[in-house]
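Enquirer: Take a look at the following structure, please.
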Amino acid sequence: MDEAPPSKSLWQYISAYWTMLCEMYYNKPISHWILLFLSSMGMLVPFPASSLLSRLYFANGGKSKWIISWVSVAGWPMIAIVLIPSYFFLKVFPTPLDLKLTLSYVVLGFLSAADNLMYAYAYAYLPASTAALLASTSLVFSALFGYVLVKNTMNLSIINSIVIITAAMTIIALDSSSDRYGYITDRQYIIGFVWDILGSALHGLIFALSELIFVKLLSKRSFLVVLEQQLMVSLFAFIFTTIGLVMSNGFHGMKSEASTFKGGENAYYSVIIWGIITFQLGVLGATAVVFLSSTVLAGVLNAVRVPITSIAAVILLHDPMSGFKILSLIITFWGFGSYIYGSYSPAKKEAPRTIS
């Protein structure tokens with residue numbers, strides 16, 4: 001009878017992992033790792049900052065959900081600033097637009113506008129730390145919609161992550177009495193909670209539909225093609241949100257809000273402008289991370305930014321942080337880890353990416 005091979009020690013696992021990291025490092029030029037580091041910082045700093053600025057807007061006197069939704073998409077020209085010169089430097093042409101591709105961008109733009117509005121309600125009525133934790137459920141919905149629409153892998157680790165993150169959100173719901181600002185009513189808290197979960201579900205659907213567009217309508221996935229999609233979706237989301245803002249008399253409301261904003265007009269417009277900049281920097285950073293590395297690393301960074309946002313909100317905005325919320329944060333992080341572990345094997349089989 002053959003003997004079973006001896007199990008590896010912890011040191012052997014660490015050594016093998018270190019060898020793999022070294023091979024990855026030497027297989028790429030130093031410029032690749034510099035860009036990846038900058039892109040990662042683009043996710044870990046601007047995205048939490050934009051979340052805090054959204055909450056700061058409402059805490060200091062802002063009232064319009066349409067305005068904060070508009071802030072999320074008003075920076076779309078920043079994508080064009082990166083994309084358009086790339087055509088000239090790389091000597092390539094934009095991806096041709098046909099009717100199906102254009103309609104898909106219009107639909108995604110409309111859904112993105114609706115998604116931003118849902119999140120605006122969340123930040124209006126919930127602490128930023130709670131809103132960030134609830135928004136992490138988008139990972140659950142991304143996995144579910146990806147499985148149904150794109151036929152992505154659904155293994156036990158991913159199912160485990162779905163159960164864990166759902167349990168974490170249930171803990172927050174049961175602890176709602178200690179997790180709110182004094183001026184927020186029970187009804188407003190419930191509205192913010194529900195819209196945050198619905199916004200996360202819609203975000204997961206948008207992610208799956210975006211992937212479906214690459215599979216069905218686009219012949220290749222490259223950095224420029226991803227930027228093109230992001231630009232078109234952001235442009236249509238901006239158009240839809242601007243229409244809503246005009247119909248709600250939001251641009252006129254900016255002037256009256258600025259005059260009564262805590263800190264004055266300069267503080268008000270600083271929050272608006274920096275909100276626009278930070279959100280789009282986060283979008284560009286996430287796009288670059290997916291291209292330079294993988295969706296798994298993007299998932300890791302997305303997991304890391306949840307506690308960054310929560311801790312920053314407690315320190316800077318004095319968010320309530322109960323023991324139940326800390327427990328929910330730990331469980332959510334555990335859920336992210338389970339999802340990343342379950343996604344790792346398929347991620348290694350991704351097709352090589354191209355620049356153009």
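Any Cβ shown, glycine's included, is placed from N, Cα and C.
Copied straight from TrEMBL:
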TRANSMEM  30-54  transmembrane segment
TRANSMEM  66-90  transmembrane segment
TRANSMEM  102-124  transmembrane segment
TRANSMEM  131-150  transmembrane segment
TRANSMEM  156-177  transmembrane segment
TRANSMEM  189-209  transmembrane segment
TRANSMEM  229-247  transmembrane segment
TRANSMEM  268-291  transmembrane segment
TRANSMEM  297-317  transmembrane segment
TRANSMEM  324-342  transmembrane segment
Enquirer: Pairs of Cβ atoms less than 8 Å apart decide it: which stretch in 102-124, 189-209, 229-247, 324-342 has the most with the transmembrane segment (268-291)?
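Expert: Counting Cβ pairs under 8 Å, the winner is 229-247.
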Enquirer: Under a Cβ pair cut-off of under 8 Å, which of the recorded stretches 102-124, 189-209, 229-247, 324-342 contacts the transmembrane segment (66-90) most often?
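Expert: Against the transmembrane segment (66-90), the leading stretch is 229-247.
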Enquirer: Count the Cβ pairs between the transmembrane segment (229-247) and the transmembrane segment (131-150) that lie under 8 angstroms and are 6 or more residues apart in sequence, then report whether there are at least 3.
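Expert: No, the transmembrane segment (229-247) does not contact the transmembrane segment (131-150).
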Enquirer: How about the transmembrane segment (189-209) and the transmembrane segment (30-54): at least 3 CB pairs under 8 Å, pairs 6 or more apart in sequence, or not?
Expert: no
